[in-house]
Amino acid sequence: MSVARSVILGCGSALPSHVITNDDLSRRIDTSDEWIQQRTGIRERRIAAEGEFTSTFGIAAARVAMAQAGVAPDDIDLVILATSTPDNTFPATAVTLQAELGIRRGAAFDLQAVCSGFVYGLTVADSLLKTGQGTRALVVGSETFSRLLDWEDRTTCVLFGDGAGAVVLEAQRGQGAASDRGVLACRLRSDGRHKEKLFVDGGPSTTGTVGHLRMEGREVFKHAVAMITDVIEDVFAQTGLGADDIDWFVPHQANRRIIDLSAQKLGIAPEKVVVTVDRHGNTSAASIPLALDVAVRDGRIKPGDLVLLEAMGGGFTWGAVLVRW
Ligand code: UT7
């Protein structure tokens, strides 16, 4: 029997041009390049300039993804923007993308799952395509976390960056084999008991302000590896595939130590791990599609490769997606 599967037709990304290095930060606050690199693996991050918004990077990344996919605006039925830094409280920034990209059909909405946003967005798009709500979806992760940071707080401001990544998905019929292209398995989780470990201390309904990001870094770190590896074991069990079958591991880029420990625990070889946290910092929902785009453009990820995505972040939310590129 033939089944529908969401196949990735193309990807793209966009970054602000303004680079801030660790040394730049150490001139403003009590930190050092050595501390940041040792604890996180971050060397530099990109920061949005005045007049650049979450939509600016989302639109640019989507344009590249649509060009690579060879699709026109009229071909897209669904726009999902994963972000925690929308241009405005409402309407959804996804409708700005929709309008600017000339997409007139279907539906557009924002999805808020913090750093897990792209994995959540892919899962939702995959479900909607599989149930016939459309044929092609644009899934974008775009963030301007620099606007949420307390630039006096050295425990958080050194960690994050701005940018966007996007993919175009198309529902295609196939036999449902593990060798067929497309999303093979998705798993999402959350546990609201941890919501105060990583949060923003403002919002439209509470303070009427945007607020600043606050994090108990050590607490988040403590849970991250176990949550990530657990949900990945779940997608392995669901598909009968395992660490040896993976061609590329593209994790959320929060901290090099979390990435390395997760890969090690899963038994994924270091040369299969895509790392961009050194150049981008933690770009939250944008980090996975940004890393995917880097690895596609430098020739590492090729059609037919088995790619494992995972993320964990505020909420806590976490999840994993296994995709045959
Ligand atoms: O994407 C969402 C998920 N987020 C994450 O995955 C983040 C998870 N957490 C982490 O990545 C790490 O916990 C951090 C990178 C945030 C911190 O690393 P850590 O090894 O857990 O350091 P720590 O918080 O235990 O702090 C160690 C020391 C402290 O000083 P004392 O108390 O030992 O004297 C901090 O005050 O490092 C100090 N410190 C800094 N020193 C220089 C904290 N931030 C800085 C800084 N520069 N920027």
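Cβ atoms here come from the backbone N, Cα and C positions, even for glycine.
Since this is a predicted model, take the numbers as computed values, not measurements.
Of the candidate ranges 28-32, 188-192, 253-257, TrEMBL annotates residues 253-257 with the feature region 'ACP-binding'.
The Cβ of Asn282 (active site) has 23 neighbouring Cβ atoms from other residues within 10 Å, across all protein chains displayed.
Averaged across the domain 'Beta-ketoacyl-[acyl-carrier-protein] synthase III N-terminal' (109-192), pLDDT for the predicted model comes to 97. Cα separation, His252 (active site) to Asn282 (active site), rounded: 8 Å. In terms of DSSP helix, strand and coil, the domain 'Beta-ketoacyl-[acyl-carrier-protein] synthase III C-terminal' (237-325) has 38 helix, 22 strand, 29 coil. Here the CA atom of Cys115 (active site) lies 9 Å from the CA atom of Asn282 (active site). The Cβ of Cys115 (active site) has 32 other Cβ atoms within 10 Å, all protein chains considered.
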